Structures are given as structure tokens and as C-alpha cells.
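Positions annotated as transmembrane segment by TrEMBL: B:6-24, B:36-56, B:68-88, B:115-146, B:166-183, B:195-222, B:250-269, B:290-317, B:337-370, B:391-411, B:417-439, B:451-473. What TrEMBL lists as coiled coil is B:649-690. Sequence annotations record features per position, and here TrEMBL assigns domain 'Histidine kinase' to B:690-908.
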Amino acid sequence: MRRGLARQRLVALFFAAAFLFNYPLLSLFDRSEQVFGLPVLFVYIFGAWASVIALIAWTVGRRKG
Amino acid sequence: MISAPLVIAVSFAYLLVLFAMAYFGDRRAEQGRSIIANSWTYALSMAVYCTAWTYFGSVGRAASDGVWFLPIYLGPTLALALSWLIILKMIRIAKAYRITSIADFIASRYGKSHLLGGLVTIITVIGIIPYIAIQLKAIATGYALLTHDSVDGFRAVHETHWFQDSTLYVALILAVFTILFGARHLDATERHEGMVAAIAFESVVKLVAFLAVGVFVTYGIYNGFGDIFSRIQAHPEYARLLSFEGASTAGYGGWFGMVLLAMFAVIFLPRQFQVTVVENVNEEHLRRAAWLFPLYLLLINIFVLPIAFGGLMHFGVGSVDPDTFVLSLPLSHGMEALALFVFVGGLSAATGMVIVETIAVSTMICNDLVMPWLLRSKRFSRSAHPDLSGLLLVIRRGAILIVVLLGYLYFRLAGEAYALVAIGLMSFAAVAQFAPAMLGGMYWRGGTREGALAGLLAGFGVWVYTLMLPSFAKSGWLDPAFLEHGLFGIELLKPEALFGLQGLDNISHALFWSLAANIGCYVFVSLMRAPSALEASQATLFVDVFKREGATATTLWRGSAEVRDLQQLVARFLGQGKTVRLFREYARQRGYAGINSIPADAGLVHFAETQLAGAIGSASARVMVASVAQEEPLGLDEVMNILDEASQVRAYSHQLEEKSRQLEAATEELRAANEQLKELDRLKDDIMSSVTHELRTPLTAIRALSEMMFEDPEIDLVERKRFLGIIVSETERLTRLVNQVLDLAKIESGHAEWHNTDIDMRELVEHAIDSTRQLFSDCGAELVVSLPEQAPKLLADRDRLHQVLLNLLSNAAKFVPKEGGHVRVELVSDDREVRVEVEDNGPGIAPQFLPYVFEKFRQGGDQRDRPQGTGLGLPISRQIIEHFGGRMWVESPPGRGACFAFALPLNKMRSDSADAEQ
Amino acid sequence: MGNKILIADDEQNIVISLEFLMKREGFEVSIAVDGEEAVDRIRSEKPDLVLLDVMMPKKSGFEVCQEVKADPDLAAVKILMLTAKGRDTEVAKGLALGADAYMTKPFSTKELVEKVRSMLAEG
């Protein structure tokens, strides 16, 4: 039961990541503005990427979850 | 410029370090102390994904396409998010059925088909050879760059004769290294611990080297990320690189295709399958790798854009190949040591890829191309080659050498023809063709051998037509006319705009059409007929691997075999010594005395086939086992019945096991309870019987005497008086008995009342002695009392302790001899307890009765001198002492009387008695 | 009459009452206070009847009974077992070992006397 929960979380995470890394969400950040002096596109991709990795770590790291 | 001998020496030194790492890893593995059995090594070995192609090529791609180098790394992150579902299942299947390559996986799944295994191997070799070539090219380019004055000078490399070409020697050295650690000995599981250790080490080196050059460019040449990005914006010609749409014409569809491609690649590239599935030591390691490997990819990409932009701004467009920025930027700033380190990092990336890829591909070539051919050839009779393990090794080693040399050949031929990134993506697209057959095989039971064949052939055909042939044309090996006008001049057949599809880059275009053809054919052809018996059983074993484990496999084989034949067969491929070890281990696990007592059942046949599958592939293993075992083929209906039955039986047996465990536990509890009840019943019976006896005995005298006096008026007065005296004393005895039985019952059931007060033991002992002084003078015994000046106070029930003391003293008085009786009473105390001893010089207690003294109605064993007593005094006393946490005992050395004693603890008293009062 | 009766019991007061009872009925009475003494006296005095207590020191009434019945010389000695343990198993055991009759304590003096008389009359 609880093991199934972790699997469902991972599948959800997969689809969330696929959503984050593709059109149309990606196109929202394809603009010339900057954050912290960096192009917003790069900040977005790397930021989303790091978040996905952190979420994977959180999901699989919880052994019983 | 760095001197060539120095570069060569450093490279060799590095390879030697790798060699040492691998050697160490293998040694430790042999000793059973694996250094790769941890999730960090596992995750790092996955980073063999990052080859020289990405090490140098990512910067090149970023310099031309901006953010478009990233899908290659985002894809693996997505795939690893699903690793706990998909990769775990692959690992489980591969372990259960000894699958050692993708070719074997697909062949085994679709009925252990030689044809499928061969096809997959051919696709892999064709798809991977260019990929190996670009690794060699990267090393050659890097070497040339380091050792030539001009950054353009390295092109001269290709004008040299082949025997002067250092790349050839690099290739040969890599082949030797690969042979040493990939094919030094035969292992039925195809695992190479030393190699994995070396690969993990290489992953660390390339990451550190890339980060080093990244930090140097970002913070050494420029002032951090912000500085580089603001400067690049000042160059209008580079502005397009900062936006998504501007950097590439591929569009969002192309981006999606690239992510998908990388997702498949990280699972289905032969080297990834090797490190992720075949070399996996423990499934749990996947947990950490699932995030650590994506994190590695993130880290190695952080500095790609700064290096690319820094290089562009430094060199401008066209003067220096952006693929070499990581080397040329440090070199142009005089950082030769850093450049050398970066080169070593690139060497790591290249050698790691070549070694693992070659091992994986050579396994396929040996098991799925050469072995099936050998096994079919007439010359290959059983008697001619008793031991084939040596031949197997020769084939493996030959395959490794050939693959590496093919890579070198391609490198020589293709040369500068095509960019690094394009070749890498072509390979990705080739292995992506395995996805439908692999994933379909793991989750869909309906796939058939023909379906998989059709899908692979169609997908691979489209790949050749839309990617490989155009690349040949662009290299000038083919007439580019078909590229521009389509095959036979038909516009719709233009390889890069098939059926008029436009708006995608060539890779995404090829991926779309090849996967469409692949999946379409796979599904359509599979559905043309029902799976055969073998396909259906293999499908169930793969799809239900988590539910069935290995047990079902044995139910799907029926026939007869000889243990000796099977053992000889396995020995032919694995060697005699190893085979004996494996069979002994099998016997030990099943609980048989030795190899000779193993029954030649389906289990053993399955075991033998699995061992062989590791060495020669599942399809060949099946053929070989069939040559010594007489299998009775099962029909599809029978297979379905067995699978159905097996799953039902399994479910039932699971429930039954559960039930029977519960029942067993309940039975055990009941049995224990019953045992306890029986024991209690027996005790109760004994006590009832004793009480009855003790009650009846005085009643007998009372009744007899009173009846006689009642009936016979002539009994004289003296007799009457004597009889009445007896009646009175027997009545007293009865009363005492009733009181004590009640007393004991109360204490035992915990209903006794305890009135605890502070007690001065010295005073209490004196008081008890005073009350019994008369008793002792009556029996003429001498009483010796030894009391301390001061005794600690106790919290206890005064009356109860008094009762105990009286019991001990009156017992002593009863047993002392008529003449010269002697009783000693002593009170001793230390900081832990107070002890009272009462010793008499009576007959004592025989040793065999000592254990029973404190039992009810025992009265010191032999009833010879049964004293006036109920047999309950000592049991009651003991209960009282134990209630206060103390203990009571008796010593009786033969011929020296008896010494009864009890001890009460000092410190424990208060808490215990507090409980008792509640 | 003048039949000889041996009383074997370790309870002083029971011995006193039985002795008085038997003497009053005109029997010749001798006494044993444990099992061994009982066997000795049976062998030496050859009483017509033994009032035998089961729970006795040294030798139980059962052992005494067994020994007497095993000895052909003592075949004429009748045994009336007396016990304070009133279980059926004890009765069965005593009779199985060859006791001629069995009574539980406390007994009615009248019944005991009748039992003794009838046993003596039999043989």
C-alpha cells in the first residue's frame, strides 16, 4: 500500500518534469529578461531541474514511503 | 604547447592508475569485499553516459545552439525518475534469468530467438561503431591540440600514415585494457567489478576536470556568471544564443524529441544497460542513483554555457572549433597544467565509454552472433571440443579487438566529415529502436517474435534511410542527389523530409518516423497471431517478474535429463572447476548431500540453462540444454493452464501459509495455556487431596471417640476425660488448618492485607523469642541468641514477620532432641539486607527432601516423626518473605541439624511495599 | 472370639480410638506405628486381621499390603485398608493390591465393627 504510494509519486514526478521541461511551459520563460543578472530561461531550466532532482531524492530516499 | 612525450607519459600514467583501480577492484571482489557494492559507485558508474562527445561536444553545441545542449541531460533525469519502476524491473528480470545484454534480453523475451538476438546485435554494432569512433577522435584531437603550436595544426594528424597515427595505438591500448578487465575470465553473470570501479573513478576525474576548467573560465578569465552573460549580450551576433527559439530551428517538437531520445538512450545504450542493469550489485543502490546521477549531470553542465560564451568572445566565430574550447581556452591563457588535466578528463570520458561499450557489444557479438553460428555448424560436435570456455574467451577478446578497430577504421574514414554531436545523436536514435520491443516486452504479454522482428527491422530501416544514408551523403560517400530530390526523384521520399514532414530537425524527424514504423509494426504484427507457448511463458516470466520470482520457470519445463549430461554441458562452457563449484552450491542450497544426489528435475535443467545463458546467451543456452535433455514440448493451452494454475496456487498457498502460520501460533498459545491449566489442575488436585487428608485425619479421631462415648455409657470417667482432651486438641488442629489454608489462599491470590510499618528487626526478633521462651524451656532446649547492637529499620508488615519468626522458632523447638537440645538464633545485617538464621541440632533434613521443604503439606519429607503441624507453616512463611522481595532457604548438612534462614533486602523494601499497599 | 487384630496407623489419636474400640469388642489388639513395624508384627504375630492405614512413614499401606499378599505364609491375614484420601483411584489401587476391604476415614465405628466381624466370619 505505502510502497505503491512512492511509485505513484515517482510517476507523477515524471509527468510533472516532462511538463516543466517542454512546450508550452518552457516558452513562458523564453524572454530577454534577467534574474540575478542571468537569462531567465537558463535560470528556469536549471532551477526546475534541481527541484526535480531534489524531489526524486525525497521520494526514493524515504525507504518506507 | 605541451611536449608530446609529456602528454603521452601523463596519459599512460593515468591509464596505469585506472589499471590499478580495476585490478584492486577485481582482487577485492575475489575476496568477497566488493568496493563497488555501494550506491555511490553505482551512481558514478552510470555517469559513463557522459562521454568525450559531451565532454567536448556540449560546449560546441552550446556555442552554436545555446540552451539546446541540455535535452541530452534532461532526458536521463526524466528516465531516472521512473527508474524505480522500469530499471528496477529490468534488473530483476536480468538477475532472475541471467540476462547479460540488451540483445539477450529481447531474444529471451520473445521465445529465446537467435534471429532477434542477432538482429539486435547488428543494429547495435552499426549504431555504436561511429560513437566509438568519435571517442577516438576526441582523444586524437585533444592530443593534437595540446602538442601543436597552432590550434589549427592538429588537422595534420589525418595526413599521417596509419602506423604513425597515435590514435591507432590509443585504440589498441584501450582494446588490451578492455580485454584484461572485461574478458580475462568467464563469469556466468558477466559482472566486472574492477571495470566498474575504474569507471566510477573516471567519472570523478572527468567531473572534477570539467568543473576546474569551468571555474577557471568563469572566475579566472571573467568575473563570474553575471559578467559573462552581460558581456555576451553586448555582442548582437550572439544574442540569439540566449533565447530558445533563436538558438535553433528545431522548435519545441525538436526539443521534445531530443528529451525523449536521451530518455531512451540512458536506458537502452549498451554501456548504460551494462553498468545499470548487468553490473548492479544491489537493487537498493538504485534509490540513491535515481537522484545522484541526475545531480552529476546537472553539475557537469553548470559551466557549459559560460565556457561556450567565454570561448566565443575570446576566439570569435570560426577561428577555433568550439568543441575544443575546454582545451584551447586554458592553453591560450598559458594554463598548460590545467589544459593537461582537462585532457585527462576528456581521456577519462573517452576511455570509459570505449571500455564499457566494447565489453557490452562484444558480449552481444559473442552470445548472439558467433555462438549461434558455431552451435549450428557441423564441425562443432560435442566430442571434438570438450571444454569450450577457452574458446568463449577467445571469441570475446576477438570481438573486443574487432569492435575497437572498427571504431578506429570509421574514425580514419569519416575523419572530419561530420560533427561530433550529430554522430552521438545518431547512435542514440539507433538504440532508441530497442525501446518498443524492450518496454513492450516488460509490460505487454501480447508481443510476439515476429512482432519484435518486424518492429526492429522497420525502425532500423527508417533509421538507416533517414539518418545514416544522409550522413554518408553529407560525407561525400554517396551521391547527395537522393537527399535533395528523394529516392528515384520522388519528393515524398526525401530522407530528411519523409512524406513531406517538415519543421523538425533531422534527428527528431528520424526519431518520429522510425519509432512510428517500429511501434506500428511491433504492435500490428504481434496482434496477427496469438503468442506461442514459449513466447507466452517467457512473456509471463518477464511481465510478472515481481510476482513470480524464479519459481514459475521450473513449472514450465517438462521432460527428462541426466545430471551428468547437464554438468558436462555446463562444464564445456564454464570450465570444470567452476561448474563443480556451481553444482555443489546448487545441491547445498536445495539441501542435497552432493552433486550425485541432485534429482535431474525441471529445477536442475532450469539452473543449468540459466548458468549457460550467462555465458552464451539465453537462445544458445536453450539449444544446448535441448541437446542433452529430452524436453516434452508444452502446448499453448498447457502453458496457459500452468501459468493460470501457478498464479492461483500461489495466491492460495500464500493465503494458506498465512492461515497456517496464524493457526500454528494460536495452537501454540492454546497448548501453552492448556499445559498451564493442567499443571494448575494437578496442583489443585494435589492440594485438595492433601487438604482432604489433613481434614479427615483429625475428624477420624474425633468421630470415633465421640461415637464410642455416645453409644457406650459405661466408659469410665478417666477414659472419657482423656478422650475429650484428644477431641479438643484435634479440633484445635482442625481450626489451625482451616485458618492457614485460608491465609495461604489469600496471600497467593494477592488478597492478603498488609499493614506496613517501620520495623526494628532487632526488637521484633527479641519479641518472637520472648513469645516462644516457654516452648523452649518445655522441651529443655538451650537457646543462643546473637543480635547486633543496632539493626536497620524495614518497612514491612510487623505481624506477618512475627508469624514467620514464630514458625521458624516453633519448628526448631519441635525438632530438637529431648536431651541436649540446642537452638541458635542470629540476626545479621549489611548495607543490602537483613538476615535471620534459626539453627537447631535436630535430626536435620535428608538431602533428597531438601527441595520439597517449602512445598505445601510436605513437612520435611519422611513422615516418620510427623510433628503436630499442618504442613503449611513454611510455605506461608516463604510466601510472606518473598512478598517483601526477600528469599528464604534451608541448609542441612547431614548430621548437623537444620538451619532455616531468610533475608530481606533493605533498599528494595520501600518501593515494593508501597506497591503492596495500593 | 479372641481374634487377633493389628492396628497400623501413625496417628496417635486414631490408634487410641481404634484400640479402645477393638478391645471393647473383645479382640486381642496389637499396634504398629509405621509400615516396617506393621510388616514385622504381621510376620511374627500372624494376626487374623490388620486395620491398615495407607499414609504411613517408612512403608505405605499399599507396600505393606503387597508384601503380605505376596507371602503365602500370611495368606490367612485379612487386610482392611483405611485411608483419609477418599479418591476412587486409591480404593481401586488398594483392592487391586489384594486388600480384602476398604474404608475411608472418618468412618462410623458401628460400620467398622460390623465390617471387621463379617470379614473374620468369612474365613
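Cβ coordinates are placed from backbone N, Cα and C, and glycine is handled just like the others.
In terms of C-beta pairs under 8 Å, the stretch of B:36-56, B:166-183, B:250-269, B:290-317 lying closest in packing to the transmembrane segment (B:68-88) is B:250-269. Using the rule of three or more Cβ pairs under 8 Å, pairs at least 6 apart in sequence, the transmembrane segment (B:195-222) is in contact with the transmembrane segment (B:290-317). Away from its own ends, the transmembrane segment (B:6-24) comes close to residues 35, 143, 146-147, 166, 173, 177, 180-181, 194-195, 197-198, 201-202, 205, 340, 343-344, 347-348, 351 of its chain (Cβ-Cβ under 8 Å, at least six residues beyond either end). Counting residues 6+ beyond its ends, the transmembrane segment (B:290-317) has Cβ neighbours under 8 Å at 39-40, 43-44, 46-47, 49-50, 58-60, 62-63, 66-67, 69-70, 73, 76-77, 80-81, 83-84, 203, 206-207, 210-211, 213-215, 217-218, 221-222, 225, 228-229, 231-232, 235, 237-238, 241, 325-326, 328-329, 332 in the same chain.
Under the criterion of 3 or more C-beta pairs below 8 Å, with sequence separation of 6 or more, the transmembrane segment (B:166-183) and the transmembrane segment (B:250-269) do not qualify as touching, having fewer than 3 such pairs. Within the same chain, residues 2, 6-7, 10-11, 14-15, 18, 48, 50-56, 100-104, 107, 114, 117-118, 120-122, 124-125, 128, 131-132, 135-136, 138-139, 142-143, 146, 174-175, 177-178, 181-183, 190, 192, 195, 198-199, 202-203, 205-210, 212-213, 216, 269-271, 273-275, 278, 326-327, 330-331, 392, 395-397, 399-400, 402-404, 407, 615-617, 619-620 sit at least 6 positions outside the transmembrane segment (B:337-370) and bring their C-beta atoms closer than 8 Å to a C-beta of that stretch.
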